[in-house]
Ligand code: ASP
């Protein structure tokens, strides 16, 4: 039986100094909650899905992060969120994009994976599907935060850079059956045009999970990650013999060199090996493994090595 693990990220970019502690505490909490769920479910089918959901729900509810409550605003001061999930056992995936004022996009992405024939639903159609399934908590008051409002006002007035903001979220879980689930959720990028979709809900770019390749999540400037189909590329390189940590580092450095964009990846191999790299000022992350104390940090760029 495989020893389970949950690897979480809290976004690649620049974390405001007053949110460093919250980012570390939030990612550690999420990884612990995910692992707790994994252990509770033992060798049940799709324990990895439940664990990833538990971790990401905790991050979506945490106002320190750019997902759910705490999501950033579009150029019109609205909230449009994206999420994507994939499980390795049958390569089923589900994603939602550009959904207004949704506090738990991870649950809706999961519903698309488990309860529809489709892989990606957007906008009003996603909302209608959510209502039909009885899934999703909607409302501006559920996603609005003072942090997001302040950033929006400052960015609009040109008082702060809108680039390289961190704090999108994601989790990869490996369960006792050896199955993997990758799940990411985001408000996207600050001042994005209405309707803009990044890498997070795009299979292969922002997320991927496969029984022989492993699972990966991307974070940072979505357009740069999409151009390289980041997660799939990382896992193919790892499986070709590069190793998961080296593949994550290589790809981050290449994308950053070619585009100048802040990017990061986390990845887990089918054997439980983990990789994490970023080319950005910061990235918060946490790793919870069965029988081992949770580790986590907010690391400073460009490309730290992953312990354990
Ligand atoms: N990748 C996300 C996007 O482009 C944002 C992020 O990870 O910070 O929408």
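Heads up, the Cβ atoms here are built off N, Cα and C, so glycines get one too.
Annotated features in TrEMBL:
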ACT_SITE  168  active site, nucleophile
BINDING   196, 197, 198, 199, 219, 220, 221, 222  substrate binding site
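The structure, with features from TrEMBL marked on it.
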| residue | record | Cβ contacts under 8 Å, 6 or more apart |
| --- | --- | --- |
| 168 | active site, nucleophile | 9, 10, 11, 12, 65, 66, 67, 184, 185, 186, 187, 200, 219 |
| 196 | substrate binding site | 74, 80, 98, 188, 189 |
| 197 | substrate binding site | 82, 97, 98, 122, 188, 222 |
| 198 | substrate binding site | 82, 186, 188, 189, 192, 206, 221, 222, 223, 225, 226 |
| 199 | substrate binding site | 205, 206, 218, 222, 223, 225, 226, 230 |
Neighbour-count leader, CB within 10 A, binding-site residues: 220, 222: 220
Residue 221 (substrate binding site) CB neighbourhood, other CB atoms within 10 A: 25
Listed binding-site residues with Cβ under 6 Å from ligand 1, out of 196, 197, 222: 222
DSSP state at residue 220 (substrate binding site), helix/strand/coil: strand
DSSP three-state assignment for residue 196 (substrate binding site): coil
Longest CA-CA distance among 196, 197, 198, 199, 219, 220, 221, 222, per record bound to substrate, angstrom: 16
